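Report on the following structure.
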Amino acid sequence: MRILHLNGFTEEDKSRYRQSILRNVVDSVAKMLRACETYRIVHEHVIQEKVNIFMKFYEDVDSDIGDAQIVISHEMAKIIQQIWQSNSIQLVYERRFSYQLLDNAKFFLNSLGRITSPDYSPTTQDILQCRFKTRGIHEINFVYKKVDFKYGFCSFTLPYN
């Protein structure tokens, strides 16, 4: 509704979505790495070192309280990209229907360079792909053909990880 009737998203909206997109990326990689453990898929030695670095990063990000900003440095983006392109992760990605992996994982991981750049601002497609936890009742008010509309919907928290 917002895209069709309210000229899209504000910069403040995009900033919130940017954080959710980065959260989607790190959660997806962590979920696939856990699935590798579950399915006993072994990483190549050089990738295992990257996995260890990423998991330390993920523990730090995951333990942050509140609305702490997720920042994926250029170095961490390269590590995530190497993990994503590894044979072990591609194998576990093929099994994604047997565990809960966000449906946007491939979309965002294939766009990692773009979405981790410092000046990144989410596109409408990025926002539509983004998944996030929501709570409460949301309303969007708009005018269409001189008629006021109030679009309301309920949302609640569903664990996605």
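The count begins at 1 with the first shown residue.
Glycine residues also receive a Cβ, built from the backbone N, Cα and C atoms like all the rest.
The feature GTP binding site is assigned by TrEMBL to Leu128, Gln129, Cys130, Arg131, Phe132, Lys133, Thr134. What TrEMBL records for Thr134 is Mg(2+) binding site.
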Requested in this report: Could you tell me which of these binding-site residues, Leu128, Cys130, has the fewest other Cβ atoms within 10 Å of its Cβ?
Outcome: Leu128
Query raised in the report: Can you tell me the three-state DSSP label for Leu128 (GTP binding site)?
Result: helix
Query raised in the report: Which one of these binding-site residues, Gln129, Arg131, Phe132, has the sparsest Cβ neighbourhood, judged by other Cβ atoms within 10 angstroms?
Result: Phe132
